[in-house]
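Worksheet for the structure shown next.
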Amino acid sequence: MDAPYHTCTVQQPRATLGRIHILLHFSAILGLLYYRIKHLLHGDVPIISWGLITFAELIFTLIWLVTQSFRWRPVARSIRPENLPAETELPGVDVFICTADPTKEPVVEVMNTVLSAMSLDYPPEKLAVYLSDDGGAAVTLYAVKEACGFAKVWVPFVRKYGIKTICPDAFFSSFGDDERLMAMGRNEFKNEEENIKAAYEVLKKNVEKANSVEGPVRMDRPPYTEVIHDNKESKFPLLVYMSRERRPSRPHRFKAGALNALLRVSGVMSNAPYMLVLDCDMYCNDPSSAKQAMCFHLDQNISTTLSYVQFPQTFYNVSKNDIYDAQSRSAYKNKYQGMDGVGGTICAGTGYYLKKEALYGSPINQHDMTSLFLKAQSQYKWESLLYQSEESLQEAEQKFGASRKFINSVNSLNDPKIGKEILCDEIIDEAKTLASCTYEENTSWGKEIGYSYNSLLESSYTGYLLHSKGWKSVYLYPKRPCFLGCSTIDMKDALVQLMKWASGLVQVGFSKYSPLTYGFMSRMPLVQNMCYAYFMFSHFLSIPCFLYGIVPPLCFLIGTPVFPKVTSPWFALFTTIFLSSLAEHLYEVLSSGGNLRTWWNEQRIWIIKTVTACLFGCLDVLMKWLGVAKANFRLTNKAIDEEKLRKYEKGKFDFQGAKLFMVPLTFLVVFNVVCFIFGMKRLVSERNFEEIFGQGFLSFYCLVLSYPILEGLVSKKDK
């Protein structure tokens, strides 16, 4: 029996405690709903205020129910790369890096991502790096050529000394101090390091100089593909620059279109069966990530249905006092592990190794594929099939387009006997055709083939469709982050990013591919489908949060009770639910390496984001549905502002540029302040403490959570 490549362990204490909590907490919620509905039916309470609160609590309950799917079976995975086959037997990997605007995505940072990808600890003849430039910027093409020249000294250097910090900028910063100190004792290291650092400084200077004179992004341009380095002649990865065609009169398809173009271009060049997708600011931090992913992809027990291996997004610029929850602890340390245990986690959009054939069909039923694809014996492999009729060729062209070279590449995707194409002028011309605007017309690209065009969250939505077809995925959280990126450090960028995600996910939730309909009837496990339902509908928590921010404070102001008396047993039920929710969150934070400050920051930013970005994301979908607005890709600014960075590191909220987002939250805060002050005055005069305590306490708790907003309003007034 072959030695295992990986292990999967159910986090039993966490799963057991989670299930016990689900049972107890849900019993309390049922009691709460019984109390509400009973009084509403009897008509002995204010109908409007109680009706609104009951409606809010019903939404809270539904979202809470689907959230429990993450707690049902959390798993932890470990890998054993030492058991992998020899490097000569490893499959090829294509690395896809997408950039769109050199003004928002610093070119030097993009080149660091490219250099880190070229430095992966993987057979260089089986590694190819593709840079897609949707801005068509001359500076990006110039920079990648400069980076290629530097890579010829950088890559041998990191391999010679076994350096793990393979991003040059990180290695020459404080992040690489430990490795440099460890290598100092080795002969010739210091001299080599100084020479390479000098070469890197020249690279940075040249790129920054070119960037300073760069013109605007060209929105009207032909396709362009250039092989920056061919790996046929030297032990060095293939490096390709691609700028797909862009015309104002043609749909652009944003990142999904870029990834599909990369699929086709790589198919006629390197044609690796696996691909790594990276955001341009998410550099490789561990050279062994490809081999870690192969520990799953090469396991015959799971490989037939495994579509991708997802790594967490980890950020190097997150401060200890992470006021914006930039690390997304809840997602990457709790939800993703829980989702992994029930069929596979959502695709995060970066840092995942995907099997290309997953984008071309189903792992179980091949009837929807063309006759070009055959299942070989009991193994899941693609085999070449000679064109025996014009009909079979037309069927293939209807799906994949008119390029026979690309169709042949799909046929031979997993055939190690077929070598790579010689990168001659004919192949370059073919690549340009595959990157043109018109190539996808009347084909299945963006529908049945490749990344889907039905959502701006191309990777998450495509991952959802893969799971619906029966594909699985795994989530690996190694001790050393395999990928590191730059997170948002101010309120505006954080809210813009969340609004984009909310809008994209809600749009899918109300489409024909909703988890409530399409997902429920698909091959996806029910619990996994509930996880997707959470991602797509949890943004509607903005509605009950908004109602809870208005109704109880208003009732506190006018003296109308909406919660039981303090002396009533029902009040103990409400208190239990409140404390149970806080305790559940606190346990998850502490068990995942957080502390009380982490817990408090997450409580606070959750409220802020829910009634701002999530609310605007839902409104954005409504406006698109009404035809008031159209789909628009919002590129997150990756450039670092030193002043914003200082505020973030000091734990001070920066609301600059986020005025529109803050309108609903500012209204709620001011409204709560007024209601609380005059409500307390009424409480003192009427002494109805038992009846009004519930909403008074809730209003006070909301004000404590909203302290940063109050502080921002006061400081703004002072200025």
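Any Cβ shown, glycine's included, is placed from N, Cα and C.
Whatever TrEMBL says is automated annotation, not expert-curated.
For 16-35, 47-67, 531-550, 570-587, 660-680, 692-710, the entry in TrEMBL reads transmembrane segment. Residues or ranges marked as UDP-alpha-D-glucose binding site in TrEMBL: Lys104, Glu105, Asp134. The annotation Mn(2+) binding site is assigned in TrEMBL to Lys255, Asp279.
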Given the transmembrane segment (531-550), its same-chain partners at Cβ distance under 8 Å and 6+ residues beyond its ends are 52-53, 55-57, 59-60, 62-63, 66-67, 69-70, 335, 338-339, 342, 346, 460, 464, 467, 502, 505-506, 508-509, 514-516, 519, 524, 607, 610-611, 614-615, 617-618, 664, 668, 671-672, 698, 702
Ranking 16-35, 47-67, 570-587, 692-710 by Cβ pairs under 8 Å to the transmembrane segment (660-680) puts first 692-710
Among 47-67, 570-587, 692-710, the most Cβ pairs under 8 Å with the transmembrane segment (16-35) come from 570-587
Tertiary contacts of the transmembrane segment (692-710), defined by C-beta under 8 angstroms and 6+ residue spacing from its ends, are 323, 548-549, 552-553, 555-556, 559, 561-564, 566, 571, 574, 603-604, 607-608, 653, 662, 665-666, 668-669, 672-673, 675-676, 679-680, 682-683
Rounded Cα distance in angstrom between Asp134 (UDP-alpha-D-glucose binding site) and Lys255 (Mn(2+) binding site) is 8
One should report the C-alpha separation between Lys255 (Mn(2+) binding site) and Glu105 (UDP-alpha-D-glucose binding site), rounded to whole angstrom, as 14
Spacing of the two Cα atoms, Asp279 (Mn(2+) binding site) and Glu105 (UDP-alpha-D-glucose binding site), in whole angstrom, works out to 10
Smallest number of other CB atoms within 10 Å: among the binding-site residues Lys104, Lys255, that is Lys104
Lys104, Glu105, Asp134 bind UDP-alpha-D-glucose per the record; greatest CA separation between any two, in Å, is 13
